[in-house]
Amino acid sequence: MPLIVLPTSQLLWVRVAAQLFSCVAFSVVAHEASLSHGLADWCVFCWAFSFSATLLVLLVEHFGLQTRAPVSWKNFPITMACYATLLCFSASIIFPVYFLKGQQNHGEARDRRIASTVFSCLATVAYLWEVTLTRAMPGEVAGYMATAPGLLKVCQTFVACIIFMLVSDPVSYDHHAALKWCMAVYCVCFILSAAVVVLCVGECTDFLPFPFTRFLSAYGLLAVAMYLTATIIWPVFQFDKSYSHNETRQQPTLLIVAVLTALNFLLYLTDLAYSARLVFVSV
């Protein structure tokens, strides 16, 4: 009788664990009728996207299709793992805050929500572990997305997406031109960061009419300068009574946007500092 030898790669088992945890997280609440809230849909999307991305990576590597994939395999898996980490982390915060804290549900429904929260946290840890295992070490030649600046690009786009969600419902940037400038900052920097991610994952950096490293440096300086203005302007025109016309119930959301704006400014500043001294091979 032939023996079945299972691979013992630590990375493989971390991915399998992350996939299992994310699958359980969305499976146990997917059919709960009382979770007909937009944030619940967001949490389910976070878990389902993470599960699907990991499944795709596992299938491609199991069948040895890396060289046939239309993407850079040195950049794609770690990019998906980083997004999955951030998505599961956000779901691990949002789901218990909105669907466990202060809820009157008891019995099986509450148990399912607790289980989803626990497995979401476990998935976050597993995906973070995967990123730690696959990121580039100092001095190591690797794909751009495996370096610190590449991972920072993922964080920048994710934070921008959260900002878009918060400022759009209700719209909180249309009562003053300065706030529209802040929205323009969020959009322009998000588009450029997302373009860098797509170019690296799609192996398209060589098609640029100028050196990719020069583009990164110029874009980094521009993004830091733009986010610095938004970090100052947003709280001034949202919380100063001479400019603000927002309801009191909107204040917590606007404060979170101000914090996330400052966070993204620090991410872009760190990215610029890394990019100024990091030598990498674009693949």
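Numbering starts at 1 and runs along the chain as it is shown here.
A Cβ is built for glycine as well, from the same backbone N, Cα and C atoms used for every other residue.
These features come from TrEMBL:
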- 6-139: domain 'MARVEL' (DOMAIN)
- 12-30: transmembrane segment (TRANSMEM)
- 42-64: transmembrane segment (TRANSMEM)
- 76-100: transmembrane segment (TRANSMEM)
- 112-129: transmembrane segment (TRANSMEM)
- 141-166: transmembrane segment (TRANSMEM)
- 144-280: domain 'MARVEL' (DOMAIN)
- 178-199: transmembrane segment (TRANSMEM)
- 219-239: transmembrane segment (TRANSMEM)
- 251-270: transmembrane segment (TRANSMEM)
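Among the listed stretches 12-30, 42-64, 178-199, 219-239, 251-270, the one sharing the most Cβ pairs under 8 Å with the transmembrane segment (112-129) is 12-30. When Cβ-Cβ distances below 8 Å are used as the criterion, the transmembrane segment (12-30) is approached by residues 40, 43-44, 47-48, 50-51, 54-55, 57-58, 81, 84, 88, 91, 112-113, 115-116, 119-120, 122-123, 126-127, 129-130, 133 of the same chain, each at least six residues removed from its ends. Using a Cβ-Cβ cut-off under 8 Å and counting only residues 6 or more beyond its ends in the same chain, the transmembrane segment (178-199) has close neighbours at 79, 145, 150, 153-154, 156-157, 160-161, 163-164, 167, 172, 205, 208, 212, 216, 219, 222-223, 226-227, 229-230, 233-234, 236-238, 243, 261, 264, 268. Through the fold, the transmembrane segment (76-100) approaches residues 18, 22, 25, 35, 37, 39-40, 42-43, 45-47, 49-50, 53-54, 56-57, 69, 110, 113-114, 116-117, 120-121, 123-124, 127-128, 130-131, 134-135, 143, 145-146, 150-151, 154-155, 158, 162, 197, 200-201 of its own chain, all at least 6 residues removed from its boundaries and within a Cβ separation under 8 Å. Residue counts for the domain 'MARVEL' (6-139) under DSSP (helix as H, G, I; strand as E, B; rest coil) come to 97 helix, 0 strand, 37 coil.
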